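Data first, discussion second: the structure below is written as structure tokens.
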Amino acid sequence: MKTLLVFLLLAILVAVFIGNAQVEACKNHTDCLSGICLKGFCMPAFG
């Protein structure tokens with residue numbers, strides 16, 4: 001059970017790291033699937 005929890009925690013950390021790497025990669029609005037690119041970060045477009 002403890003091994004499973006450690007594995008899940010590691011998987012979550014890897015997913016967050018990959019997500020952050022993708023978020024920081026935007027250079028213009030077309031790089032963000034749904035939102036705007038602001039200073040290299042994809043921000044959600046509200047409204």
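Numbers run from 1 along the shown chain.
Every residue gets a Cβ built from N, Cα and C, even glycine.
Model, not experiment: these values are computed from the prediction.
The feature disulfide bond is assigned by Swiss-Prot to CYS26-CYS37 (among others), with similarity to another entry given as support. DSSP classifies CYS26 (disulfide bond) as coil under the three-state reduction.
DSSP classifies CYS42 (disulfide bond) as strand under the three-state reduction. Of all the Cβ atoms in the protein chains shown, 19 others lie within 10 Å of the Cβ of CYS42 (disulfide bond). The disulfide bond annotation in Swiss-Prot covers CYS32-CYS42 (among others) and rests on similarity to another entry.
Non-local contacts of PHE46 (phenylalanine amide) by the CB criterion (under 8 A, 6+ apart in sequence, same chain) are absent. The phenylalanine amide annotation in Swiss-Prot covers PHE46 and is backed by similarity to another entry.
Annotated signal peptide per Swiss-Prot: 1-21, in sequence order, evidence recorded as sequence analysis.
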Inter-residue C-alpha distance, CYS26 (disulfide bond) and CYS32 (disulfide bond) (nearest angstrom): 7
Where CYS37 (disulfide bond) sits in the secondary structure, as DSSP reduces it to three classes: strand
Those residues of the chain, 6+ apart, with a Cβ under 8 Å from that of CYS37 (disulfide bond): CYS26, LYS27, ASN28, HIS29, ASP31, MET43
Neighbourhood of CYS32 (disulfide bond), C-beta criterion under 8 angstroms, separation at least six: CYS26, CYS42, MET43
